[in-house]
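According to Swiss-Prot, the features are:
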- 1-30: topological domain 'Cytoplasmic' (TOPO_DOM)
- 31-51: transmembrane segment (TRANSMEM)
- 52-66: topological domain 'Periplasmic' (TOPO_DOM)
- 67-87: transmembrane segment (TRANSMEM)
- 88-95: topological domain 'Cytoplasmic' (TOPO_DOM)
- 96-118: transmembrane segment (TRANSMEM)
- 122-144: transmembrane segment (TRANSMEM)
- 145-162: topological domain 'Cytoplasmic' (TOPO_DOM)
- 163-183: transmembrane segment (TRANSMEM)
- 185-205: transmembrane segment (TRANSMEM)
- 206-244: topological domain 'Cytoplasmic' (TOPO_DOM)
- 245-265: transmembrane segment (TRANSMEM)
- 266-289: topological domain 'Periplasmic' (TOPO_DOM)
- 290-310: transmembrane segment (TRANSMEM)
- 311-322: topological domain 'Cytoplasmic' (TOPO_DOM)
- 323-343: transmembrane segment (TRANSMEM)
- 344-347: topological domain 'Periplasmic' (TOPO_DOM)
- 348-368: transmembrane segment (TRANSMEM)
- 369-379: topological domain 'Cytoplasmic' (TOPO_DOM)
- 380-400: transmembrane segment (TRANSMEM)
- 401-410: topological domain 'Periplasmic' (TOPO_DOM)
- 411-431: transmembrane segment (TRANSMEM)
- 432-442: topological domain 'Cytoplasmic' (TOPO_DOM)
Amino acid sequence: MLSFLKAPANAPLITDKHEVDARYRYWRRHILITIWLGYALFYFTRKSFNAAAPEILASGILTRSDIGLLATLFYITYGVSKFVSGIVSDRSNARYFMGIGLIATGVVNILFGFSTSLWAFALLWALNAFFQGFGSPVCARLLTAWYSRTERGGWWALWNTAHNVGGALIPLVMAAVALHYGWRVGMMVAGLLAIGVGMVLCWRLRDRPQAIGLPPVGDWRHDALEVAQQQEGAGLSRKEILAKYVLLNPYIWLLSLCYVLVYVVRAAINDWGNLYMSETLGVDLVTANTAVSMFELGGFIGALVAGWGSDKLFNGNRGPMNLIFAAGILLSVGSLWLMPFASYVMQAACFFTTGFFVFGPQMLIGMAAAECSHKEAAGAATGFVGLFAYLGASLSGWPLAKVLEIWHWTGFFAVIAIAAGISALLLLPFLNAQAPRETHEA
């Protein structure tokens with residue numbers, strides 16, 4: 001590994017309590033802002049193609065099946081990259097690993113705007129998926145390193161809103177730019193923004209607290225649950241930690257299976273929602289994308305409620321809140337599907353409620369994976385469940401396009417409603433577990 005990409009060594013420990021407190025407060029705030037901004041732009045360059053899809057479809061460059069194929073290719077590549085990058089990021093310098101990944105996705109988005117053939121689109125979008133995997137595992141590692149167990153839900157939820165801000169803005173920006181200059185210019189604008197923010201990441205981000213002379217966060221906050229996780233698995237090699245706390249951890253596997261189904265719903269609404277609005281209500285691209293943006297707005301609020309609730313109502317136990325939100329997904333998807341009349345306002349409201357409930361488990365499952373694993377394997381654990389999440393998301397691409405061709409929108413909503421129902425059942429074992437990892441170890 002290039003020397004600047006290696007995780008920095010521990011710096012001499014600062015002994016002055018006031019300086020430790022001041023540095024912790026400063027860097028916790030700045031790191032959260034930086035990873036939030038960075039991940040919003042990762043999401044911006046991830047969803048740029050989806051936002052432009054109706055315009056590309058109308059131009060005749062790609063068919064509906066082609067768009068579904070590209071979505072499936074992206075999700076599979078991204079899922080694999082997320083897992084591999086999670087393992088690598090646990091040993092890498094966070095600031096450069098995440099920053100370089102974002103710059104690379106920006107370059108790929110710009111090149112996509114110059115492309116004309118399906119093969120070029122497929123190659124570039126797979127390459128974009130690969131570099132997209134550099135983002136989320138780094139964020140999970142930093143959130144685990146800088147925020148302790150009993151407060152992490154709220155902070156993780158704040159970071160998670162970057163998904164929603166990026167996801168809500170890109171349809172609006174893409175639609176506005178495409179309306180005046182074409183979808184190709186929209187892809188280039190997204191790419192240029194990503195390159196600029198990627199440079200900011202390389203400048204402002206930092207690695208774990210020990211790298212700048214601070215004690216571990218559990219010691220600083222006197223958080224017993226956090227200290228217990230910090231001390232667990234002492235003396236194990238990285239390979240042993242990966243095997244014991246990730247690959248052979250039954251709770252990680254259960255969370256992974258649930259993530260598959262949650263992401264079927266999330267990706268289906270995200271990727272096909274604007275087309276559904278265009279075809280069923282006959283609205284234009286800007287109006288359709290505005291409704292899809294309500295999905296992200298609902299997710300913004302839902303993630304905050306889920307994180308706050310799991311901290312304050314259930315003392316850091318993610319299980320009960322996960323189950324409540326999974327049941328809400330089923331109800332909101334059913335409302336969107338079975339609405340007895342065509343109303344743009346009501347459809348947009350259903351997009352909002354679906355987003356509200358989807359982004360609870362979307363955020364909490366990743367956090368639960370980090371907390372069910374080892375402190376030094378947070379990136380690998382979230383990357384592993386992320387692999388399964390995007391295998392689920394890949395089902396919303398080409399396979400769901402085929403469902404649409406045969407059974408139309410009725411089949412589409414039946415599939416995602418079933419996925420929502422099963423996901424709720426898979427979360428039942430976590431309902432009464434304060435710390436599934438500790439139960440497993442006992």
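Note that Cβ sites are derived from N, Cα and C of the backbone, with glycine treated the same way.
Small disclaimer: the values here were computed from a predicted structure and weren't measured.
The recorded stretches the transmembrane segment (67-87) and the transmembrane segment (245-265) do not share 3+ CB pairs below 8 A when only pairs 6 or more apart in sequence are counted, and are therefore not in contact. Residue counts of the topological domain 'Periplasmic' (52-66) by helix, strand and coil are 11 helix, 0 strand, 4 coil (DSSP-based). Across 96-118, 245-265, 323-343, 348-368, 380-400, stretch 96-118 shows the highest tally of CB pairs under 8 A with the transmembrane segment (185-205). Contact between the transmembrane segment (245-265) and the transmembrane segment (380-400) is supported by 3 or more Cβ pairs under 8 Å, counting only residues 6 or more apart in sequence. Taking residue pairs at least 6 apart in sequence, the transmembrane segment (411-431) and the transmembrane segment (122-144) share fewer than three C-beta contacts under 8 angstroms. Panel annotation: around the topological domain 'Cytoplasmic' (145-162), residues 27-28, 31-32, 35-40, 43, 139, 207-209, 217-218, 221, 223, 225-226, 229, 299-300, 303-304, 306-311, 315-316, 318, 359, 362-364, 367, 371, 378 of the same chain, lying at least six beyond its termini, place a Cβ under 8 Å from a Cβ of the stretch. Most Cβ pairs under 8 Å with the transmembrane segment (96-118) belong to 31-51, among the candidate stretches 31-51, 380-400, 411-431. Between the transmembrane segment (411-431) and the listed ranges 31-51, 323-343, 348-368, the one holding the most Cβ pairs under 8 Å is 323-343. Taking DSSP states H, G and I as helix and E and B as strand, the topological domain 'Periplasmic' (266-289) has 21 helix, 0 strand, 3 coil. Non-local neighbours of the topological domain 'Periplasmic' (401-410) in the same chain are 64-65, 67-69, 272, 276, 279-280, 337; each lies 6+ residues outside the stretch with a CB under 8 Å from one of its CB atoms. The predicted model assigns the topological domain 'Cytoplasmic' (88-95) a mean pLDDT of 88. Taking DSSP states H, G and I as helix and E and B as strand, the topological domain 'Periplasmic' (344-347) has 4 helix, 0 strand, 0 coil.
Applying DSSP to the topological domain 'Cytoplasmic' (88-95) sorts its residues as follows: 4 helix, 1 strand, 3 coil.
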